[in-house]
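S.K.: In case it's useful when we look at the structure, here is the feature table from Swiss-Prot:
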- 61-73: compositional bias 'Basic and acidic residues' (COMPBIAS)
- 464-501: compositional bias 'Pro residues' (COMPBIAS)
- 514-528: compositional bias 'Low complexity' (COMPBIAS)
- 552-574: compositional bias 'Low complexity' (COMPBIAS)
- 181-247: domain 'KH 2' (DOMAIN)
- 271-335: domain 'KH 3' (DOMAIN)
- 372-439: domain 'KH 4' (DOMAIN)
- Ser48: phosphoserine (MOD_RES)
- Ser51: phosphoserine (MOD_RES)
- Ser136: phosphoserine (MOD_RES)
- Thr149: phosphothreonine (MOD_RES)
- Arg317: omega-N-methylarginine (MOD_RES)
- Arg355: omega-N-methylarginine (MOD_RES)
- Arg357: omega-N-methylarginine (MOD_RES)
- Arg359: omega-N-methylarginine (MOD_RES)
- Ser411: phosphoserine (MOD_RES)
- Thr428: phosphothreonine (MOD_RES)
- Ser626: phosphoserine (MOD_RES)
- 1-24: region 'Disordered' (REGION)
- 40-92: region 'Disordered' (REGION)
- 443-528: region 'Disordered' (REGION)
- 545-574: region 'Disordered' (REGION)
- 625-651: region 'Disordered' (REGION)
Amino acid sequence: MADYSTVPPPSSGSAGGGGGGVVNDAFKDALQRARQIAAKIGGDAGTSLNSNDYGYGGQKRPLEDGDQPDAKKVPPQNDSFGAQLPPMHQQQSRSVMTEEYKVPDGMVGFIIGRGGEQISRIQQESGCKIQIAPDSGGLPERSCMLTGTPESVQSAKRLLDQIVEKGRPAPGFHHGDGPGNAVQEIMIPASKAGLVIGKGGETIKQLQERAGVKMVMIQDGPQNTGADKPLRITGDPYKVQQAKEMVLELIRDQGGFREVRNEYGSRIGGNEGIDVPIPRFAVGIVIGRNGEMIKKIQNDAGVRIQFKPDDGTTPDRIAQITGPPDRCQHAAEIITDLLRSVQAGNPGGPGPGGRGRGRGQGNWNMGPPGGLQEFNFIVPTGKTGLIIGKGGETIKSISQQSGARIELQRSPPPNADPNMKLFTIRGTPQQIDYARQLIEEKIGGPVNPLGPPVPHGPHGVPGPHGPPGPPGPGTPMGPYNPAPYNPGPPGPAPHGPPAPYAPQGWGNAYPHWQQQAPPDPAKAGADPNSAAWAAYYAHYYQQQAQPPPAAPAGAPATTQTNGQGDQQAPAPAGQVDYTKAWEEYYKKMGQAVPAPAGAPPGGQPDYSAAWAEYYRQQAAYYAQTSPQGMPQHPPAPQGFANHARSHHHLY
């Protein structure tokens, strides 16, 4: 383009000169205005404008061809949207960042959380997107892809590290066999173990369902050591941690709730009722025969009473009373009064141990349990499963309820019937009595102390202060009543408590015992072990340190002294005869045992002379005169022989 700035304007005198001057002035004015506008807009940039090309060169954006980065470029003025484009462009270019991060494979569930809550929180707080690989490929770590700005990626890493550190295995925590499974053990106070387990295992079952884990309370043994019990939790690491917090929260809540207690030391809480501790050996007294006592208390007080299940390691069982608060308090007072009344009994007096089963009473008076006793009995092999139960559940339940230890003897005695199984119950007399009652309910009949069932038996083992009691109308008594012992004849009713003996009460008590109606003769059986039983009694009385009270020399004679009817049924087939074994046993101990007395053929044997001889020998013994020979004792019912073997097991 030609440069007209050096061309002089045409003269005013020339043709069209006036018009040329007007155009030149207008151009100058326009150029001046353009420079002013450029100066206002571009500041110093306006200096880059020149007059050549009519000043259009100034319309070009400054620094367009500069080598500076985009951030240094000046956005056009009056363009708010355009002014924001460089920072957004910069952010977009920097957000395209993906980094791989490794996390422990066992912690993936803990990082994700229930329903993805945990990982959603991490993404929201950090602004970083997290993608976890579906599996680890057998490696101990799993890959996570973090996408975001460097700051958001670092924030996500920090949050992931915190979660992994929080869920890192604590003492007792280790990974399970399955993929992603972990096992953690927490210690539960012994007093709170029942709270965590709940009635019938309901509480621990609910905890397992809510947390989605498996919980097992580890019990080393039945002994109550007072030590904390480990609770093993197995499952996903995050769920295991949640389950642990739920258990600790349960213990804290219940512990605070139990701060409100009544006069019995038990918590009170509206519909929760009252918890009354009952000595384990006294549970049978509160329940009563066939539950009669506890039913009476419930009816009188208008409440419901249930014994909470436990592991059998505590000295007390908890009776839970539910109902209106005032009635619960009344029922608790009834139970407490019942226990106090029994504990306040006269020492040496008759106790409630008979239960109307033909058993003699001991001198326990509901006090603290004394020394442990042992009771052996046999049951048919076909009924063994009823006592043991599936997986031993029944026998464990009976042991927990009664507090006694029940065992099936794997090594039966010699010459034992292979069709019978021998069980042993160990515990206090009260525990044994309660366990025996529960076992009889399971098998639907009375247990047999080391022998087949018989309709009659003795009251119990004679104590050092009196001769043996005559056979009573109930089932055989187990040899677990501790001395001092005061056996006596049964009351007028089959379930009445036995009457105590006075030192001179044999003469008066014996006729009263004669008035008992004879049992069904068809149920009686001959006993081949009578000689062994007679030898046992003679030897037993010679070992007593304190002689029994004197008895009349001439006691009334009767043909029913053995508690049997007029007819004697033949001995059952296959009956094992232990007479020779017992004779050999006493021979070794220096005791001569005569042959069993013969019985007249046919009909009921007459033992009047034998009983008269027995009392004469007793009178001679009480007078400090040793008998010259062993009295001929009458054959005893089968229960006597079994009783002797059971008592021999104790001593």
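Using N, Cα and C of the backbone, Cβ positions are placed for all residues, glycine too.
Structural setting of the listed features?
M.R.: For the domain 'KH 3' (271-335), the mean pLDDT of the prediction comes to 82.
Secondary structure of the domain 'KH 4' (372-439) per DSSP (helix as H, G, I; strand as E, B; remaining residues coil): 32 helix, 20 strand, 16 coil.
With a 10 A radius on its CB, Ser136 (phosphoserine) counts 19 other CB atoms from all the protein chains.
Counting every protein chain shown, the Cβ of Thr149 (phosphothreonine) has 16 other Cβ atoms within 10 Å.
The Cβ of Arg317 (omega-N-methylarginine) has 22 neighbouring Cβ atoms from other residues within 10 Å, across all protein chains displayed.
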S.K.: Validating a neighbour-count step here. Other CB atoms within 10 A of the CB of Ser411 (phosphoserine): how many?
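M.R.: Other Cβ atoms found within 10 Å: 7.
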S.K.: Could you check which of the modified residues (Thr149, Arg317, Ser411, Thr428) sits closest to Ser136 (phosphoserine), going Cα to Cα?
M.R.: Thr149
S.K.: Which of the modified residues Thr149, Ser411, Thr428 has its Cα closest in space to the Cα of Arg317 (omega-N-methylarginine)?
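M.R.: So, of the listed modified residues, the one sitting closest to Arg317 (omega-N-methylarginine) is Thr428.
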S.K.: Give the three-state DSSP assignment (helix, strand or coil) for Arg317 (omega-N-methylarginine).
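M.R.: In three-state terms, Arg317 (omega-N-methylarginine) counts as strand.
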